[in-house]
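Right, one structure below, let's go through it.
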Amino acid sequence: MGTDPLIIRNNGSFWEVDDFTRLGRTQLLSYYLPLAIIASIGIFALCRSGLSRYVRSAECDLVNEYLFGAQEERKEDNSIERLLRNSNTQANYVNVKKQGRILKLRHFDITTIDVKQIDAKNHGGLTFSRPSTSDHLRKSSEIVLMSLQIIGLSFLRVTKINIELTNRDVTTLLLFWLILLSLSILRVYKRSTNLWAICFTAHTTIWISTWIPIRSVYIGNIDDVPSQIFYIFEFVITSTLQPIKLTSPIKDNSSIIYVRDDHTSPSREHISSILSCITWSWITNFIWEAQKNTIKLKDIWGLSMEDYSIFILKGFTRRNKHINNLTLALFESFKTYLLIGMLWVLVNSIVNLLPTILMKRFLEIVDNPNRSSSCMNLAWLYIIGMFICRLTLAICNSQGQFVSDKICLRIRAILIGEIYAKGLRRRLFTSPKTSSDSDSISANLGTIINLISIDSFKVSELANYLYVTVQAVIMIIVVVGLLFNFLGVSAFAGISIILVMFPLNFLLANLLGKFQKQTLKCTDQRISKLNECLQNIRIVKYFAWERNIINEIKSIRQKELRSLLKKSLVWSVTSFLWFVTPTLVTGVTFAICTFVQHEDLNAPLAFTTLSLFTLLKTPLDQLSNMLSFINQSKVSLKRISDFLRMDDTEKYNQLTISPDKNKIEFKNATLTWNENDSDMNAFKLCGLNIKFQIGKLNLILGSTGSGKSALLLGLLGELNLISGSIIVPSLEPKHDLIPDCEGLTNSFAYCSQSAWLLNDTVKNNIIFDNFYNEDRYNKVIDACGLKRDLEILPAGDLTEIGEKGITLSGGQKQRISLARAVYSSAKHVLLDDCLSAVDSHTAVWIYENCITGPLMKNRTCILVTHNVSLTLRNAHFAIVLENGKVKNQGTITELQSKGLFKEKYVQLSSRDSINEKNANRLKAPRKNDSQKIEPVTENINFDANFVNDGQLIEEEEKSNGAISPDVYKWYLKFFGGFKALTALFALYITAQILFISQSWWIRHWVNDTNVRINAPGFAMDTLPLKGMTDSSKNKHNAFYYLTVYFLIGIIQAMLGGFKTMMTFLSGMRASRKIFNNLLDLVLHAQIRFFDVTPVGRIMNRFSKDIEGVDQELIPYLEVTIFCLIQCASIIFLITVITPRFLTVAVIVFVLYFFVGKWYLTASRELKRLDSITKSPIFQHFSETLVGVCTIRAFGDERRFILENMNKIDQNNRAFFYLSVTVKWFSFRVDMIGAFIVLASGSFILLNIANIDSGLAGISLTYAILFTDGALWLVRLYSTFEMNMNSVERLKEYSSIEQENYLGHDEGRILLLNEPSWPKDGEIEIENLSLRYAPNLPPVIRNVSFKVDPQSKIGIVGRTGAGKSTIITALFRLLEPITGCIKIDGQDISKIDLVTLRRSITIIPQDPILFAGTIKSNVDPYDEYDEKKIFKALSQVNLISSHEFEEVLNSEERFNSTHNKFLNLHTEIAEGGLNLSQGERQLLFIARSLLREPKIILLDEATSSIDYDSDHLIQGIIRSEFNKSTILTIAHRLRSVIDYDRIIVMDAGEVKEYDRPSELLKDERGIFYSMCRDSGGLELLKQIAKQSSKMMK
């Protein structure tokens, strides 16, 4: 064995010319390297105990979270419970603030949720992945091969064969392999990621080192045969071992896998090998399945345990409890991931520059005519080095981006989860915004949805922006350093240009951020307005406001587009700077070199410099764009932060828990809607001292606007407590409550006046996630009078009721809401006027069998009602309110003794037949009878599937396969047609030709060997620079070359900016036309479209999809065209230089085609699923915000938070695997690109005699560009196609069935010459039949009746009889199957819809108000003067006659604070939430009175108003509309008993039609029985008789 150092060639050096020396191979590779690895293993072993504890703790964090749930939080809860039970604190009702804080945490804090048991359902479970037979075989092979290596080294050590290694080297290697074998054996018995990582890292390092002596053997630098045999043997062993290592699972033994209980296939991410992780092969099976079958949501694999939103939010909340700044909290949560990402960025940036350095060395060899064989060896080494660098770059780039995507996914989950939780816990009623707050966030529904749909996604993408930004900064620094190394002082010229560009780019980025903020503000306004319109689409259609609203939204849209135009201008300037900067930097640098330093350029230096400046171009562009994106994200982050900083509900602070948990009372309590209301005369509940009777029926009575609903909200903690106290029995979360022996819990249930329902089945709305008890459920159905309704519904209680219960009548919605409250286990039930929406039959049944029936035994019921005559019986306690104060209270007997109730209201008529004529025992109609009778405001449109399985809401359409050419043609039509596209292509091609011309011009310059340096005026010593040679005579002046170079670059930059502007202008034109077209189509769609399409889904089109077309589609279209033309030109250029490359290009094209096809197929479907799974998030959020008061009343916040997280996870699954598919594709494209560089360099070397260094530089430079260009072409086209998915989704709405606004073509009547139509108001219905869908049976059958001009007609009947459907037909929301409706003799089907609807006025059952002011709601389009508005308000008793006189006598705007309705600019909250329902209804009636219609329709318009106000309104109708025809649907028979005629409907048919007095003569008639069951038969007879006499 050789030991003599004298025989070592070039003693003391590790490298000579083209290879490692013997010293390098022996000492560096065979001694120092193994020794360093052994030392590292030893150091790790010494620190093992501490490290293993840390690693094990980190690894088991989530496992412990699953196994032990929220035990720590329970400990804190238990401490509070002990505090509550402490007698010392009972006297003071506990520390309210601390109690409130803890209670709020228990309701809303995600950390309090036990993951193992969520609402009696597991979230998921842990399982183990066991090693397979192949895994065991790999381990055995690994041990055998290492043993062979040890045997070989031992043989060398014993036999002392003479090789170039010393005994010391062999001994070190032997020790290294023995340690590695010991660790491998230990891994068999002990599961440890650390041991696997040590073995893999050590072996990979040694394996790489064995390539060096093998190369020495190959090029003949190792002469002795024994050494050759040893190195070959070592290389074979390590090379055989390496695939085993690469394909072994990262964790040797069993791996923990988290499996969801929804049967989702678990993620393969953590059970894959290192090779699979590096190459992303673990997703290949999924991508392959996507080629065979269309991907559905159920086919997408699950996430890793740590990527499920519940674990993300738990960790985020726990780590950041004491951090109030959202930005700092996010940074604190992801600082480790950010650090890892930055490390990948650093390695990526360095490796990215190595090919350019190697290319310079390669070109120097090509440029040297006296090349030796050693130089050729180096040239091949450089080409192989470039190939390896490209492969390494592929790994680094994909892994770094993957870390960013992980952060993006988790930030998205955090932001949506936090915004949702904030929406649940925010204060409902806040002070109005002042003018100074105009720029702050307005937390209406549309804005909050915008925060989720746009802002949260922009902020989540910040991780990717930061990754690219840091990469760009590092690249710029390193490139500048290399330029200085190659060019010397002249590099500072280029650096100066860059430094000048930085402030410009930063300024432009700030401008983009500013315009983005303006754009988002306009987008908020547009989405809010549109959302409000869609939520109330029926009101819009009734009043024919479509065109007005379209104009309003278009006006906002125009402002939005102006902001986008400003952004486009800035983008164009940015594009110009991007193209011109490399030219300026390169040209100025070359000018300094030639004119100042008096040196000539050669090909290696010129093309290396050019390549470096090309590399510099990308990070400069990225830096500018990323700064812009970061600014946009900053704006979005601030908007989210502002929303999250809004006030939380004070419910848990201002409600006091009774020590004995058995009290509900107000103690000297004063409450307001707004905490800091500056109006001292604003409505308040003042000085309340009420003690409700526990376990009894308590009534809250009073006139409209007296504060009845407000009192219930105050009891629920939703109003602001100014003084006093409110005592309640409990505030525990629903799922922490323990039932008593009767199955009841000490909690509240709430039924609001406007029924709030989920878009779900009837059954699920009633069960409301309580334990299902079939017997109790059936009793509740019966008690609430729903039995017959469920028999009629197509799928019974499994029928989907649609968004906001769209398929149900008002009475059905109210009864389902009541059933939910009664079915709950709550001991205390709050009912807000739940009897007003049902007919007299049903009201009696509900009161006797539900409210006072056995289901309410031992339960407290607090009932707000106007139906005094019905509810006084069996009630125990009553409170009478007047103007926010308690007028009277006491037991019913006490109040009657005071003469409070008039005898006619409390006298109850006999109900002997009630058991025979109850709400549920009426015979259900035949199957061919009416399936569902709708109220006017709530129409149903069934389809065949709905009839069969009860499903109403159609699943969102998802196209399969590639985007249809029709979609591209549709978009191109708006874009400007083929002419615009051809013109743009011409601009792009011209710009690319100019770009290539610059490289050819440089080659022409450097090949001119006689360039003179003619720079008089410069007197600077020449600096010695590598690669530069002096020359005294030139063919052309250097100034000539520089001038042409600058000229080409500037023209190219101007074209670049111009083409960007033209592309954006064309895109904005398309975006504007698409939006206008979509808006017109949606608002003029048939009502059936809104019944089967959730508003959240429509809003997703108008928010996310429009935003995609506005701001994402065009930039991707621009760069896709750019890359396409770039790749085509590069292939042509390289083929001209090296024709052999054409063969490689064909092979590469085939590879790209198949890889791209696989990628596009999978990514396209995943992108579509990503888009589709966003809609349920928005829809669920919209539903939650509307019903937040009910959710909080039930204490059911946790379940809704968890449901939101489930929907986030659905979306994140699609997003995550889309991002992984992108990594799979980009790695393979980068790998193919690496082979392109290798092939290009090889062709140059094989044809080196015929290629000069200039052509070689162009060929190699563009080969590298082709790699990046091809990668970005497919990726950008894929992203462009994914964004075209938004266009596809928008195009789907282009085929929405439209209402026939101009009437039927045949015999159309526009009535343009009759502006006063109708003159008389005569209505004639002949043989009318109606149905909701073509494939459904009629709901109205052969109805005929005639209404004389100026007559008053009442329409009565049981809930669901078809009353409101008749009204709907008058507005042509339903078109007749047979028959017709005539008004003044004109068939309304032939009349223009706008004319028809503006000629009829409706006052619907649900009072709908829009966010704004009193004036904007009463007179939205400034058609009337203020005095007329005040007159209408006076007519409905919202202002008194005295106040109206004051208004008439006042010449200035009247702003009295004594009555809010005297100030027409009083703010109205969205939905009118700051008014009582009665006040909302009166305001709506005032709106209708202004129109002075000839025909007025009232659909339960006074159901939510007290009897006195009802009587007043009826009087107004009779006096003010004495020349109008009136049709009134009423459950209060008193309201219509004095009408001219009564229509009695049942099962879609007219059963009775006559004068009320005549109908009451028939004791067997339906009307008679209804009057008898109402409790005032004699009184009704008397009124009808008097009315009949007056008419005679």
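Cβ atoms here come from the backbone N, Cα and C positions, even for glycine.
Lifted from Swiss-Prot, the feature list:
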{"type": "BINDING", "residues": "Gly702, Ser703, Thr704, Gly705, Ser706, Gly707, Lys708, Ser709", "note": "ATP 1 binding site"}
{"type": "DOMAIN", "residues": "664-908", "note": "domain 'ABC transporter 1'"}
{"type": "DOMAIN", "residues": "1323-1572", "note": "domain 'ABC transporter 2'"}
{"type": "CARBOHYD", "residues": "Asn11", "note": "N-linked glycosylation site"}
{"type": "CARBOHYD", "residues": "Asn370", "note": "N-linked glycosylation site"}
{"type": "TOPO_DOM", "residues": "1-33", "note": "topological domain 'Vacuolar'"}
{"type": "TOPO_DOM", "residues": "55-74", "note": "topological domain 'Cytoplasmic'"}
{"type": "TOPO_DOM", "residues": "122-131", "note": "topological domain 'Cytoplasmic'"}
{"type": "TOPO_DOM", "residues": "153-170", "note": "topological domain 'Vacuolar'"}
{"type": "TOPO_DOM", "residues": "192-329", "note": "topological domain 'Cytoplasmic'"}
{"type": "TOPO_DOM", "residues": "351-379", "note": "topological domain 'Vacuolar'"}
{"type": "TOPO_DOM", "residues": "401-465", "note": "topological domain 'Cytoplasmic'"}
{"type": "TOPO_DOM", "residues": "511-572", "note": "topological domain 'Cytoplasmic'"}
{"type": "TOPO_DOM", "residues": "594-614", "note": "topological domain 'Vacuolar'"}
{"type": "TOPO_DOM", "residues": "636-989", "note": "topological domain 'Cytoplasmic'"}
{"type": "TOPO_DOM", "residues": "1073-1115", "note": "topological domain 'Cytoplasmic'"}
{"type": "TOPO_DOM", "residues": "1159-1229", "note": "topological domain 'Cytoplasmic'"}
{"type": "TRANSMEM", "residues": "75-95", "note": "transmembrane segment"}
{"type": "TRANSMEM", "residues": "101-121", "note": "transmembrane segment"}
{"type": "TRANSMEM", "residues": "330-350", "note": "transmembrane segment"}
{"type": "TRANSMEM", "residues": "380-400", "note": "transmembrane segment"}
{"type": "TRANSMEM", "residues": "466-486", "note": "transmembrane segment"}
{"type": "TRANSMEM", "residues": "490-510", "note": "transmembrane segment"}
{"type": "TRANSMEM", "residues": "615-635", "note": "transmembrane segment"}
{"type": "TRANSMEM", "residues": "990-1010", "note": "transmembrane segment"}
{"type": "TRANSMEM", "residues": "1052-1072", "note": "transmembrane segment"}
{"type": "TRANSMEM", "residues": "1116-1136", "note": "transmembrane segment"}
{"type": "TRANSMEM", "residues": "1138-1158", "note": "transmembrane segment"}
{"type": "TRANSMEM", "residues": "1230-1250", "note": "transmembrane segment"}
Quiz item: Is the transmembrane segment (990-1010) close to the transmembrane segment (1116-1136), in the sense of at least 3 CB pairs under 8 angstroms with a sequence gap of 6 or more?
Solution: yes
Practice problem: Pick out which of the binding-site residues Ser703, Thr704, Ser706, Ser709 has the most other Cβ atoms within 10 Å of its own Cβ. | Solution: Thr704
Quiz prompt | Sequence-distant neighbours of Lys708 (ATP 1 binding site) in its chain (C-beta under 8 A, six or more apart) | solution = Ile700, Leu701, Gly702, Asp832, Asp833, Val864, Leu881, Ser1476
Exercise. Go through the chain and flag residues at least 6 beyond the ends of the transmembrane segment (1230-1250) whose CB is under 8 A from any CB in it; none is fine as an answer.
Key: 355, 362, 366, 371, 376, 379-380, 382-384, 386-388, 390-391, 393-394, 397-398, 1134, 1138, 1140-1141, 1144, 1148, 1151-1152, 1155, 1256, 1259-1260, 1263-1264, 1266-1268, 1270-1271
Self-check item: Residue counts (helix, strand, coil, in that order) that DSSP gives for the topological domain 'Vacuolar' (594-614)
Solution: 15 helix, 0 strand, 6 coil
Practice problem: Would you mind reading off the Cα separation of Ser709 (ATP 1 binding site) from Asn370 (N-linked glycosylation site), to the nearest angstrom? | Solution: 98
Quiz item: Rounded to the nearest angstrom, how far is the Cα of Asn370 (N-linked glycosylation site) from the Cα of Gly707 (ATP 1 binding site)?
Solution: 101
Quiz item: Between Ser703 (ATP 1 binding site) and Asn370 (N-linked glycosylation site), how far is it from one CA atom to the other, in Å?
Solution: 108
Quiz item: What does DSSP assign Ser703 (ATP 1 binding site), in three states?
Solution: coil
Self-check item: Per Cβ pairs under 8 Å, the stretch of 380-400, 466-486, 615-635, 990-1010, 1138-1158 packing most closely against the transmembrane segment (330-350)
Solution: 466-486
Self-check item: Long-range environment of the transmembrane segment (380-400) - Cβ separation under 8 angstroms, sequence gap at least 6
Solution: 18, 278, 280, 341, 344-345, 347-348, 351-352, 354-355, 358-359, 361-362, 365, 467, 471, 1223, 1226-1227, 1230-1231, 1233-1235, 1237-1238, 1241-1242, 1245, 1267
Quiz prompt | Per-region confidence, the topological domain 'Cytoplasmic' (636-989) (mean pLDDT, whole number) | solution = 79
Self-check item: Inter-residue Cα distance where the pair is Asn370 (N-linked glycosylation site) and Thr704 (ATP 1 binding site), in Å
Solution: 104
Self-check item: Nonlocal residues around Gly705 (ATP 1 binding site), in sequence order (Cβ under 8 Å, 6 or more apart)
Solution: Ser1476, Gly1478, Glu1479
Quiz item: What is the Cβ neighbour count of Gly707 (ATP 1 binding site) at a 10 Å cut-off, with all protein chains included?
Solution: 26
